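Some features that Swiss-Prot has for this protein:
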ACT_SITE  Glu26  active site, proton donor
ACT_SITE  Lys160  active site, nucleophile
BINDING   Lys87, Val107, Ser141, Ala142, Asp143  substrate binding site
BINDING   Asp139  Mn(2+) binding site
Amino acid sequence: MTNLPLRHSAEVAAAKAAGRPIVALESTIITHGMPYPQNLEVARQVEDDLRAAGVTPATIAVMDGTLHIGLEAHQLEALAQAKGVAKLSRADIAACMATGGTGATTVSATMIAAHLAGISVFATGGIGGVHRGAESSFDVSADLLELAQTPVTVVAAGAKAILDVAKTLEVLETQGVPVITVGQDSFPAFWSAESVFKSPLRMDDPVGIAAAHQMRVDLGLPGGQLVANPIPHTDEIPATELAPIIATAQADAEKHGIKGKAVTPYLLQRIYELTQGRSLTANIALVRNNARLAGAIAQALIANARIAGK
């Protein structure tokens, strides 16, 4: 641990020293989610939303072999403009660091980094999951196994709608991951506020979610929680409208032989084209919405710990 090339930004280091709430943020949305300069603008906006609520943002990335917990302004800008950045999960983060590489962290790698840094809450857009056709391709995101073993509460707008949501929920149940939807009974569908799937659990406020996180820690249970936060109805694309668009994108990916890590970026880009940019607008709205909730959960965790005298 002493030799680990890990560095906190000045802002994150100060927040840790003062016991202030911190929320981890992933970096693949910057490098693989949207073009420059929009990616930089959105990253700054999400960070500023957290700061406005009294929470410190910790955007996580690997740069020149060092794992950064929080990026300085110039580092964020450099990452936003970088080309050919690796997309890191549990499988390849160590190799990237060992070879002095640069990479953006997915959900699984961000969870690992957050836990190493003592950060309990992480906000993202949507988690990865079981891809459609996984019964033959075995394409299942490492995010699901990470949720089962790393004790970080992840706030997302559900699983990405391009996935097989039913199978994703089944795997999460098998792995013992609590799936908590906020404020409604149905599991959200990323760009759409609701889906046909009932959420395993429901909670209506960040205080309860924070208490559940702490209870898992106290019980000695491994793994984190998935907090499914529906996109606001004013920002959503209804599921009935999206279904045929997703089907078209899936068919195009199959026709062009897109496989592995290339599948998700291809589908997101194709859906962006087919929705004439509305999917990206919704994505930005849901990421900001998730960050705000994550901030409230982080604040509740700190408050609960103070009350308990921990």
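Here the Cβ of each residue, glycine as well, is placed from N, Cα and C on the backbone.
Taking the features listed in Swiss-Prot, we show where each one sits on the structure.
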residue : record                    : Cβ contacts under 8 Å, 6 or more apart
Glu26   : active site, proton donor : Thr59, Ile60, Ala104, Thr105, Thr106, Val107, Ala109, Thr110, Phe122, Thr124
Lys87   : substrate binding site    : Thr28, Thr31, His32, Gly103, Ala104, Thr106, Lys261
Asp139  : Mn(2+) binding site       : Val130, His131, Gly133, Lys259, Gly260, Val263
Ser141  : substrate binding site    : Val107, Ser108, Ile127, Gly128, Gly129, Val130, His131
Ala142  : substrate binding site    : Ser89, Arg90, Ala91, Thr106, Ser108, Gly128
Asp143  : substrate binding site    : Ser89, Thr106, Val107, Ser108, Ile127, Gly128, Gly129
Lys160  : active site, nucleophile  : Gly125, Gly126, Ile127, Gly128, Gly129, Phe190, Thr264, Leu268
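Across the residues the record lists as binding substrate (Lys87, Val107, Ser141, Ala142, Asp143), the two Cα atoms farthest apart are 13 Å from each other. The substrate site, placed at the center of the C-beta atoms of Lys87, Val107, Ser141, Ala142, Asp143, has further neighbours from the same chain whose C-beta lies within 8 angstroms: Ser89, Thr106, Ser108, Ala109, Ile127, Gly128, Glu146. According to DSSP, Lys160 (active site, nucleophile) sits in a coil region rather than a helix or strand. DSSP assigns Asp143 (substrate binding site) to a helical segment in the three-state reduction.
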